[in-house]
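One structure is given here, and the rest of the page talks about it.
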Amino acid sequence: MGCTMSQEERAALERSRMIEKNLKEDGMQAAKDIKLLLLGAGESGKSTIVKQMKIIHESGFTAEDYKQYKPVVYSNTVQSLVAILRAMSNLGVSFGSADREVDAKLVMDVVARMEDTEPFSEELLSSMKRLWGDAGVQDCFSRSNEYQLNDSAKYFLDDLERLGEAIYQPTEQDILRTRVKTTGIVEVHFTFKNLNFKLFDVGGQRSERKKWIHCFEDVTAIIFCVAMSEYDQVLHEDETTNRMHESLKLFDSICNNKWFTDTSIILFLNKKDLFEEKIKKSPLTICFPEYSGRQDYHEASAYIQAQFEAKNKSANKEIYCHMTCATDTTNIQFVFDAVTDVIIANNLRGCGLY
């Protein structure tokens with residue numbers, strides 16, 4: 001008789017089961033909402049990753065996007081050439097042919113009149129082609145680690161003929177290669193593997209960092225981008241600071257921040273294509289004087305990875321590292337797939353469901 005449950009007890013047990021069921025459902029829903037924060041120093045490739053998410057997980061760029069990026073392509077191309085011309089003067093590099101002085105003045109005048117976002121006139125296009133083919137300009141370009149130059153300078157300047165066509169329309173790759181400084185916070189939403197992603201890109205320059213703070217709450221994972229190819233370059237904002245050293249310092253402050261004790265950290269060692277070319281001719285000892293390995297992509301990139309992993313002071317925190325090329329859609333698709341699997345496993349574990 002004592003084993004029979006009273007009506008109240010049965011109701012209480014049913015209530016308890018319902019609460020447990022609801023909690024589990026809430027946990028599963030929480031595990032489906034993923035908030036990713038893209039961090040990293042300026043020009044590390046964060047905005048390119050955001051563009052890739054639009055290509056891979058949304059319907060790509062809209063007709064309006066293509067229209068809006070056209071003047072950006074023109075401007076990036078002209079401004080890249082101007083950056084080289086200004087550096088020639090500072091580095092004491094002369095033109096291969098004295099006739100290029102006239103062409104250089106024409107290009108400089110276009111920028112002075114703020115016409116660099118407009119389609120190239122025939123005169124401007126001819127001048128730019130002659131300048132880009134000049135031995136002195138190429139010599140100065142080969143020393144681009146000594147001044148500030150857009151990574152995509154060669155990509156655009158090698159293709160002046162196509163960009164100068166009257167019917168020119170940007171391609172997907174052109175848009176991925178454009179450089180516009182991110183100010184404020186860019187947010188992208190998409191669904192992948194039955195998960196709802198919110199991806200936040202915040203300005204990487206030092207002056208922008210104070211704007212990150214309110215994004216930090218409830219972050220599932222941080223994707224930290226590093227431009228591997230910048231080991232021999234200095235910052236825009238402070239020309240005495242090595243870019244790789246700045247990235248390491250920033251990574252240290254993010255990785256060991258008390259807010260991120262339980263946050264997955266994914267490290268994208270980006271611009272691997274540029275790094276692979278550069279490491280053949282520019283020694284890693286510029287950034288890491290103690291490096292005694294070979295000037296070889298695999299050995300040098302493994303050394304850089306180890307420097308970042310060594311900043312992690314927590315025995316319980318794992319850093320998930322990937323070598324990436326943000327302008328390569330196939331590479332980013334593959335890497336993001338792997339990243340998502342890690343997030344799913346960690347998230348389910350955190351909700352007690354794995």
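Any Cβ shown, glycine's included, is placed from N, Cα and C.
As annotated by Swiss-Prot, S-palmitoyl cysteine applies to Cys3.
Summarising the annotation, Swiss-Prot assigns domain 'G-alpha' to 32-354 and lists sequence analysis as the type of evidence.
Within the model, the region 'G1 motif' (35-48) shows a mean pLDDT value of 91, rounded to a whole number. Annotation comment: Swiss-Prot describes 35-48 as region 'G1 motif', evidence class sequence analysis.
Here Swiss-Prot flags 40-47, 176-182, 201-205, 270-273, Ala326 as GTP binding site, drawing on similarity to another entry. Listed in sequence order, the residues of the same chain lying 6 or more apart from Ala326 (GTP binding site) and placing their CB within less than 8 Å of its CB are Gly45, Thr48, Ile49, Gln52, Leu176, Cys225, Phe268, Asn270, Lys271, Ile332.
Annotation source Swiss-Prot lists Mg(2+) binding site at Ser47, Thr182. Following the DSSP three-state reduction, the secondary structure of Ser47 (Mg(2+) binding site) is helix. The Cβ neighbour count for Ser47 (Mg(2+) binding site), using a 10 Å radius over every protein chain in view, is 22.
Residues or ranges marked as region 'G2 motif' in Swiss-Prot (evidence: sequence analysis): 174-182.
For 197-206, the entry in Swiss-Prot reads region 'G3 motif'.
When Cβ-Cβ distances below 8 Å are used as the criterion, the region 'G4 motif' (266-273) is approached by residues 40, 44-45, 49, 151, 221-230, 251, 297, 301, 304-305, 308-309, 319-328, 335, 339, 342 of the same chain, each at least six residues removed from its ends. Per Swiss-Prot, region 'G4 motif' is recorded for 266-273.
According to Swiss-Prot, the region 'G5 motif' annotation covers 324-329. Among residues of the same chain six or more beyond the region 'G5 motif' (324-329), those with a C-beta under 8 A of the stretch's C-beta atoms are 45, 48-49, 52, 55-56, 172-173, 176-177, 225, 268-273, 335.
Counting neighbouring Cβ atoms within 10 Å of each of the binding-site residues (Leu176, Val180, Val202), the lowest count belongs to Val180.
The separation of Thr182 (Mg(2+) binding site) from Ser44 (GTP binding site), Cα to Cα, is 11 Å. Here the Cα atom of Val180 (GTP binding site) is found 9 Å from that of Ser47 (Mg(2+) binding site). Residue counts for the region 'G2 motif' (174-182) under DSSP (helix as H, G, I; strand as E, B; rest coil) come to 4 helix, 0 strand, 5 coil.
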